Ligand code: IPD
Ligand code: CA
Ligand code: CA
């Protein structure tokens, strides 16, 4: 196994620190489910608290690095202009809010526009997925490799479904209609960072979703690539962050899935 580098250690320790707070807050959320007001405000506060902890720890460890963080409403703390942390303090907020135990913290480091390190930490299972460019992907101390299943009919595929306030419902349903009859199963688990980690770990053969934000996918993209998988837009562009349209898959199934998704015109949105 590649030994985690100092920067991976910083990212992992930071994620674990924020995770301890989230686990405590998640216990509280489970209690709040039955209250009339519900846990929404409490969850927003938990999200912000986790982000502040991550900001504080990473700033302390690497002064001068910039930030792109979800709860800072995408605002960038400029930094030195070369290094940037891309952070989602709580990916899977809707799950968290409903007491569903599937959420994660995602931290990526970008240097000169390239993602060079990524950590996705799942607090409730204590699983830390990490990758560094050129050093492979790992789950805790185990090396990861994407699955070798080569047939669509054997494939389990993750996805993300648009929801209230988002566009592209008809187009998305078109892609779902193309893919479901061809594969063994489709899952919508509600945390894109973990969906990508699952592709890296060979649990899913692939994952697709549209319109994601950099903090949802920056760390996960590196995980999949370092585990031997392919990540592009469905159109084949390896630069995924600008559009957030993503297809991540093992080397055998990336192309057939890209073709299926591309066969649905973007203009199909009538059903929405
Ligand atoms: C969301 C999750 C979800 C995806 C959404 C994201 P959040 O992030 O990753 O799986 O479908 O598009 O916004 O809001 O839980 O951090
Ligand atoms: Ca997210
Ligand atoms: Ca989030």
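Just so it is clear, glycine is given a Cβ too, placed from its N, Cα and C backbone atoms.
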Out of 195, 211, 216, which is the one TrEMBL records at the Mg(2+) 1 site of 70, 88, 91?
216
For the binding-site residues 70, 88, 91, 216, work out the Cβ neighbour count at 10 Å and name the residue with the minimum.
70
Residue 90 (Mg(2+) 2 binding site) CB neighbourhood, other CB atoms within 10 A:
28
Within 8 Å of the Cβ centre of 70, 88, 91, 216, which other residues of the chain have their Cβ, at the recorded Mg(2+) 1 site?
87, 89, 90, 106, 192, 193, 213, 215
